[in-house]
Structures are given as structure tokens and as C-alpha cells.
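Here the structure is laid out as C-alpha cells; the discussion comes afterwards.
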């Protein structure tokens, strides 16, 4: 019998499970601090929903687990939490807007398996539906900044761009409309293949010399956000979509300043992002040590329309739990917890087993996370076990102390041991 | 475009999602209080694992979502959290035992859809692996009792029985071994069809008159746990398996007394439970108002052997989140929270929008869950919205108060309003 999980999927136990559980609690708390409300949607969706035109796109559908159910209906496992959200909003027309929701859940993609690339992974998403204002984009970015700092990731930058601006820059450079997507895809590879690689890719596309030069020129614009935007504004002057893009970014920067998250922002005209549905600001959080991109998102004002026929603006961001853990592993001196249990009660011999249970029951009633021996082992084995799981306190129950209504309490950090009345025990355990 | 989730699956938003999220937090806290550690396993498992002989059994496999992946491998969505646990234990031979884990997760079964019966639902499981002692069975029962009380369910009883005792009683009544399972299935229906119904079912099985009478006799035994066990002991006297069953129940009762959860226990010789893998004590928690069975479990000493070849004793219990919510709905005066947000900040006019953001940022830095208008609406619309989501406090930002470094704070319960310095604001919000 095969004991391992399926390829690209993982069991999490022990320290890893504790770390994941604690990170998810912190992420949830950060999301709620910013007024986002919980949402749960099913893991399975109808294929119609998953494959809606303008949603994930062909590339992602290739990787989507799908099959026919008993009723002959084609269904699949969700590949993200954004498309299900769009379905929910469309099917709840009385939902008060703006709707700020968070969702934390597994998603599945049957893709290549590699370091940090799994077939089942956890996304932590926040989205604001129904607000066209750049305050909302600033909210999701700031909430993500707060969340990452809250879990101990400080060393990152936020790359910011705008699809409108990008469309305009590419058009003004002379790229024919039908080639826009190819050019954006080439630009999007700049992280991996650098500017020279992008130039080589663009050359394959049969662009004119002037067009190529114009693109390279705007890709080279670097500097403070305000300087980059001033340069971009000059280029797109007179082009409505481009001016809108610049205007959106200016408003976004203004709000990010008010929210105190301006210092991590860079405007990066080479950020294009893969997914088809983005329409306005797009953003990507990059860890300066380790795995690179950890969080990304953007505005998608047309996605909900696909499901409801009604134009409803939306913006959001997604944090990948596994990527965050990669960054933490590479940058932090992790001292992972082996147990969440605070105290372990040991019996000196079998006569006091019942008393061990009574002490455990009392401590639990008082809110102390408590465990004790369930295998009727010798004292030395019990103490070995307690030490191996890094429990903070061990309580030793012996006949003599019991006769005085007491037990021994050992602090496993300091190795200090003292006799404590059972009734007082909970006061000594932190 | 179909906007609804798939049949038998649900979206949870608003109050429902908040209730679920808060219940899960409490359930998790109760599990950790008893020293259980988190485990996560994938939603998908290989068909070999799901269909292992002696695991779920034919009936449950009929309802299991399964398909062939791109590599031609048959896989399926898990139908419970116990079989994956057995796989994990088998594939981690160095895991220190006893292993006490909890797992909270979705499971999927393509069955009939009805009230309280969904195709995607949430199980909250605790199990103790590697201890044959009745302390462990008492631990899982007591932890479940604590968990239910912790979430406000008080009115329930625990039905207790033992597969060994049941096997023995049925055998001594004269049932041929090959018919044991059919007899147990008939007995298991007693909740739905009552004793007369069970008799009718048994009559169909072509049992002798004496056998039928003997079965009816032991099913009629009622009374205090100790009395029922004394009667049962008399019947099985001299039958090794039966005596073991009685002995296990006696030890279990002793430990439940020590743990303070004895008062909810009944011994019920008609409890049989469907799943094939139970080998010792079996238990079922029944709400006295509402949906009936809310929690169940038992000892399954042979399940892990299927995966590892090694006999490892195990016992556990499973709480169904959706059933718990049904009970809460029927028994409690629920006043569900519409939001987790503590305070909503309103702007008197557009001039003060930036200040609203600054106040929100300050409050969030101080840990107050805060929201504000993202749609640039008029003050009256903002206040309507704040009232509709049941937020506890509204902060009104106006130009005049701002000039004094202050805002208005309105308590939405008492309707009391006062001017508060922005720097002091967090001290007023509970």
C-alpha cells in the first residue's frame, strides 16, 4: 500500500503544521483588522464557471483538475479564489457594496512540481468589490504590507504598474493591437531573462526598429515613483487611456502615503502580470531575499460582468502561504514550536495514574493546554517524551506530595523544580 | 452563466461565515487544550488508499468523487479524515506514539442532498494513535464533551457501546457468524424504526424464535451504566470477547468519572454504528433537541494495519460542523454577528476623506478592527451602512472637530455621542 500523498501534494504534521496554523491565524487577524469579512466557497465548481471566457484563461485551464460527475456534469477543482468570488458576487445581487471579503483556502493546479511549486497549495485572498476608487487598491496593498510585517517578513518591495498605462505605452510605441498580449508577455519575463533577454524576445516579434527602441526606452525608466510617473506622463500625453493610468497611479500613491505604506513602493513599468482579467493597477510583492514574488494582485473591473452581465469594479490581492513559509525559512532564525501544549503531567508509578487524570482535568478546566501519558510508561520514558516535544513545564505526580495535596513542578527551561499545591498549580504556568 | 454553487455545496458569506469561523476557532482551542496537535492532509488521495479493504467500505466508496488524472492514475476526494490519518501514520514510522492529532477540513460525498446533508461538509476530528488504554477513549470523549459545551451545546447525551460486547451478545443469542453484520445493521436502525421495527427487520433474517427473543431481551436492558453493564456481564459470562467488552466499558466509565464527563453517559446496547473499521468502544453524541446525532466515533485498532502491516491501536471522534450549527440554530437564541469589524469611520464631506484614512490607519496600528467608506458616499448613506452591519462604534470625522485634533465617537448601542481626541480614540473602543 502506497503511504505517501499524491505527487505535488503534502501532509503537514508536527512543527510544520503548527507553523502553518499560527501563520494562518495571524493572516486572518490582519485581514479582519482591515475590515475584511470571511467567505467560504466550495472546492468544486462547475466547468462553466472555471472556464468562463476572460477568467483564468487557457493556460490555467490546462492545469485544472476536472472530470465528469455521476450526473454527467463537467466539474473541476478551483484553481484560484478570485473566479469563485466573482460567481458569488454575481449570484448575490442584493449584497451590500462595497463587499470586502477574505478567503483562505486550498487551490489545485496540475502543473510541474518543483521547489515551492505544489499541486495543492493555500491562497489567502482579500478583495474589495464595488469600489472604483484608488482608496480600495491602496487598502488591499496596505493590508498585505501589514500582514507580511505581522508575520515577520520585512524585507520586501512592492512593484506597481497599471494595465491602462502599459496598454498605452505599448500602443504609442507602435505595437499593433493584436500583438499587445505577445509584447506584454515578453516584457513580463524581465525578472527571469533581464532587459537583454526581453529585447531578444521582442526582436522575434518582427517589430519595427523604432517600436523596439520606444519600448526599451520606457522599460529603462527608473527612479522615485513620482519621477517615473512624470516621465511616463510625458510619453502618454494626449492618449486618454495612458493618462488615466498615470492618474490612477498618482491617486494610488497619494492614498498609500496616507496609509503609511509608501516607503516600500516602486513604480515598475516592466510589470505586466500573466492573468488576462486585470484592467487597472497591478502589483507584485517581491521578497529581497529568497523566493522572489510572494504576493500579487490588481484591479479587475470586468471579471464580474462575465458572470452577472453587470459591470462591478473590483480589486484584490493574493498571498501564497507556501511561498511565505519559504521566505521565512530562508530569512529567519526559526525556532519552530514542536507542540502547542504547555504542560505534561508524569506519574511516578501506576498507583497515582488516577490522580494524574484529575490534575489534568483541573488544569484544562482552567485553560492550561495539558497532556499526560496514555501508554502507562515508566517515569523516565515519560520525562524523555516531555523533553522531546519541548513542553515548557512538567508536573510530576508522586504519592508523597499527593498526601500533602501537592505535586512537583519542573520548569523545563531553567530546570528549576518546586513543590506546588494542586489548587495553585495554574498560577505558576505561563 | 450559472451563478449558484454545485448541488449539495454551499457558499458561506456574511453572518454564516462569521459564525462558522468563530465556531472553528473555539473547536480548535478545545482540541489544543487537550493536547491534540494539528495535521493537514491533501483533499485528493489515491484510489488505492480510499478503497483499501477494511477502510470506509463499499457503501461510502459508491459516494466518493473519483476520476483519472492526466497521468492515468485513479484518484478521489477524501470522504473522511480517518483513512488519510491512517495513511499518514503508516508512512511516518518514526512518529512518536501516542500521536494525538486534530484535523479540521472539508470532506466530499456524492450522496442524496437534504436538510443537513451536503456533498461538501466540514469534519473536525481528534484521534489518539498508539494507545490501547481506555484512558485514550475517555480522552477523546471528554474532549468532545468539553468542545460542545464550549460552543454552547449543553443538552446532549453520549450513547456508549462496545463492538466486542455486541459481537458476543449476538453470537450468544445464536446468530451464525456470517449473519452478524446483517443483524448489527438491523439493530443500528433502532433510532429510526424503534424496537418493533428492528424486530420486524430481524424476522426477515430467518432467525430462530429463541435467537430473536435473546436479541430483543438484551436490547431492552435499560438503566444506569453500572446496572446495564452488570446485566450484560451476566449474559456474556464465560465468553472471552464479551467479557473483554464489558471490562473495556468498565474501565472507560472509571476514566470518564475521573475526567468529570460521566453524567452525560448512557450505555446503549443497541448502538452499532455503520463503519466497518470499529473494534472496541463506539460512541455517539445525540442532541436532545434538534438533529439527533452530532458527533460519533470509536476505537479502530485494525485500520492502520491495512496501510502499514503493523498493528497500531487507535481511537477517535469526529464532529460535524454543519450538524453542530443545525443544533445551535434550533436551540439557541442566536444573535449572529453581521461583522467582525469594531468601528466604522464616516466622513461629513469630501474635504476630510484623507483624514478618515489617517484615523483608520492609526486605529488599525493600535489593533482596532476598522472600516470606512470606499465609495465616496454622502454622510447619511455611510451612517445607514454602519447601522446595517451592526458595528459597535461609528466615528464621525468633521472639519470643525479636526481643527481641535478630535472626532465624534458614537456608541451604536446607547446612541451616546461625544467628542474624543484622535490620539485617545482607541482607549474608548472595546
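The first residue you see is number 1, and the count goes up from there.
Note that Cβ sites are derived from N, Cα and C of the backbone, with glycine treated the same way.
Whatever TrEMBL says is automated annotation, not expert-curated.
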Given that TrEMBL records A:80, A:81, A:82, A:123, A:127, A:273, A:277, A:278 as binding L-histidine, the matching residue among A:73, A:109, A:171 is A:109
Residue A:80 (L-histidine binding site): tally of other CB atoms within 10 A of its CB: 20
In sequence order, what residues of the same chain, 6+ apart, have a Cβ less than 8 Å from the Cβ of residue A:273 (L-histidine binding site)? A:188, A:282, A:284, A:296, A:298
Just jot down the residues in the same chain as residue A:278 (L-histidine binding site), at least 6 apart in sequence, with C-beta under 8 A of its C-beta; none if empty. A:163, A:298, A:299, A:300
Model confidence over the domain 'Aminoacyl-transfer RNA synthetases class-II family profile' (A:1-336), as mean pLDDT, sits at 92
I'd like the number of other C-beta atoms within 10 A of the C-beta of residue A:123 (L-histidine binding site), please. 19
